[in-house]
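Take a look at this one; I'll ask things after.
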Amino acid sequence: MKMDMLFYSLIILIHGINAASRSGKDLMPHMPNVCADQEVKLVAQMQPCVQAFTRMVKAWKQGCQGQSWCMGYERRTAYYTAYRQVYRQEYQTVYKCCSGWSQLNGEAGCMYPVCSYGVCFNGGQCREGSAQLCDCPTGFSGPSCQYEKELVFGERSEGQTLSAVDLLRFLAGGHGVELVS
């Protein structure tokens, strides 16, 4: 159960990192690990165009056969302005995290290295092509340096360690100290 919660928390964190690195919110060119990118944006515009409308209308005419006035039909053309939507490409510079880096919590720049499989925590560095995915600093372990190592003090039996919390209890009086396997 605890491992499932850690796994889901890790997935949510990675999703947040990826979303932040895609959005480019508040990233500026002077920040660490920030790269400029050109994006094409389609901009819609309403463009006027003049159109003609022709129709036949009844009209009185002069000089008809045997009469001074008669009814006839004439072609009349009216012009009006219509609008159509046209699109144009607009290029704009956007700032995103450089490849291999991500931004968390709106920090100033892209401070977290991202491996192809996720992110290294607690100052770990990506290591491609290895079962251990990150090189972890002292005191941390796990594929993404997500676990704090238990400190081992003194003699111990095979497979048993004394955690730092247990050591403090032991030094404070020895109450409640157990070896954790």
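Backbone N, Cα and C atoms are what each Cβ position is placed from, and that goes for glycine too.
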Pick from C126, C145: which one does TrEMBL say forms the disulfide with C136?
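Here TrEMBL pairs C136 in a disulfide with C145.
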What count of other C-beta atoms do you get within 10 angstroms of the C-beta of C145 (disulfide bond), across all chains shown?
22
Across all the protein chains here, work out how many other Cβ atoms are within 10 Å of the Cβ of C136 (disulfide bond).
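Result for C136 (disulfide bond): 23 neighbouring Cβ atoms inside 10 Å.
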